[in-house]
Amino acid sequence: MSATKSIVGEALEYVNIGLSHFLALPLAQRISLIIIIPFIYNIVWQLLYSLRKDRPPLVFYWIPWVGSAVVYGMKPYEFFEECQKKYGDIFSFVLLGRVMTVYLGPKGHEFVFNAKLADVSAEAAYAHLTTPVFGKGVIYDCPNSRLMEQKKFVKGALTKEAFKSYVPLIAEEVYKYFRDSKNFRLNERTTGTIDVMVTQPEMTIFTASRSLLGKEMRAKLDTDFAYLYSDLDKGFTPINFVFPNLPLEHYRKRDHAQKAISGTYMSLIKERRKNNDIQDRDLIDSLMKNSTYKDGVKMTDQEIANLLIGVLMGGQHTSAATSAWILLHLAERPDVQQELYEEQMRVLDGGKKELTYDLLQEMPLLNQTIKETLRMHHPLHSLFRKVMKDMHVPNTSYVIPAGYHVLVSPGYTHLRDEYFPNAHQFNIHRWNKDSASSYSVGEEVDYGFGAISKGVSSPYLPFGGGRHRCIGEHFAYCQLGVLMSIFIRTLKWHYPEGKTVPPPDFTSMVTLPTGPAKIIWEKRNPEQKI
């Protein structure tokens, strides 16, 4: 005990001497030291880290806490490519105080997506971002077992029979937008210019709300209610990921919008209960009939309302971005537009047949266009999990400690020539049956929301994998298929003089085209009334 006291006393004496010397310095030198010391500590820490053979190599950085945030945030795929050449498929970097361990390629997909629930957590990685937008008790603000059951509840409304009923509803909304939106007004105009990042988010939310949430909720989007969705949407930004709550105006608007929208859903739910008006019209009816967990606990109306927000907002960004990218790629490929048009005319008998869900399945080129767009533009360039227990990386000496995050990027793999020859070229025919690579579905597993492929080592994973795989894949293909079918049959489009496909904007949470992203459209049949 006396020895310990002696050591502590001696240490305090040195601290006091150092502090005295520091206070004796001129003010300018003291300020300089305060600034320099964190940088020195940061460099020393990195040097000591590099000596550890049980850690993946760390990307060197100069600015404490910030780390590699700027270069990663601006051009993530270029950042991954440079790091891969230097370190291989496994490396770490610092992102705003977090250590992110990246594992690139199909083996990385397997390592992260099929990791044990006890080892990694999506909830711990994302809850601070999603809960203020979606609300309490759903998605990532609940135990994983609850989330798996919530996905099962929602999946009950995403059946083949439901999709058959959605197709005419989605088509009706697209034609209505073509007629009434100031961006088109096709009954008054034969040509015009649009910014796809204005039109596609609107068309996506109109079609999704009409099909999934019913006529009553869709009608509200024609009022000021639409501005609430816009305010809520602005809660999905990188600054919200880093700082979930700040005393800023857009945070206050986000919180107000969440309460107002969930309150509107709750009013509709209560009205249907009161009138015993629960049918099979939409997702709201489906959740009101089937939202009891295995342990007998029922979701509250507030939780159902929050889950409805999560379903609509969760798919809104990704489908809007994908439809925008499709239009942009086709704008410089009139040959592909013509191929798609001929397929439409063939399947729909020259336009005599009404589009149906079954007929959508007979349009391989249309579906390959969606598939190729998702390959080139994965909606999310990075997917995270927080490490909860130390994880050994198979066939290496690396151990990823608890508290770190693991990061996987299927979008980066999608753009590697080793998996997709000429990967940066838009080529819908790479998916032809006689030329497309065949990826085995393999063993299936049920995480609680229905059986899905357990294999996630495929280089093509546009909807993620494992227990957090997106359940909206078939709805996305249905929605995008109807949308693009009508675009192709109704319009032709091209770029303004000197323009081409814009580069991706990686500064948002979803990979969007850099704006403005304008195309010039013209009606195929100027006399046609919509």
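Quick reminder: no glycine exception, Cβ is built from N, Cα and C everywhere.
Positions annotated as topological domain 'Lumenal' by Swiss-Prot: 1-20.
What Swiss-Prot records for 21-41 is transmembrane segment.
DSSP assigns LYS116 (ubiquitin cross-link) to coil in the three-state reduction, placing it in neither a helix nor a strand. Sequence-distant contacts of LYS116 (ubiquitin cross-link), defined as residues of its own chain at least six apart whose C-beta falls under 8 angstroms from its C-beta, are absent. Feature annotation from Swiss-Prot assigns ubiquitin cross-link to LYS116 (among others); the stated evidence is a large-scale study or a structure entry.
Spatially close to TYR126 (lanosterol binding site) yet at least six residues away along the chain are TYR140, PHE384, judged by Cβ distances under 8 angstroms. Look at Swiss-Prot and you will find TYR126 tagged as lanosterol binding site.
The itraconazole binding site annotation in Swiss-Prot covers GLY314 and rests on experimental evidence. For the recorded site, GLY314 (itraconazole binding site), the DSSP three-state label reads helix. All protein chains shown were included, and the count of other CB atoms within 10 Å of the CB of GLY314 (itraconazole binding site) stands at 19.
Per Swiss-Prot, ubiquitin cross-link is recorded for LYS353 (among others), and the stated evidence type is a large-scale study or a structure entry. Cβ neighbours of LYS353 (ubiquitin cross-link) (same chain, under 8 Å, six or more residues apart in sequence): VAL347, LEU359.
Residues or ranges marked as ubiquitin cross-link in Swiss-Prot: LYS454 (among others).
The heme binding site annotation in Swiss-Prot covers CYS470. CYS470 (heme binding site) carries neither a helix nor a strand DSSP state and counts as coil.
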Across the topological domain 'Lumenal' (1-20), average pLDDT on the 0 to 100 scale: 70
Cα separation, GLY314 (itraconazole binding site) to CYS470 (heme binding site) (Å, whole number): 10
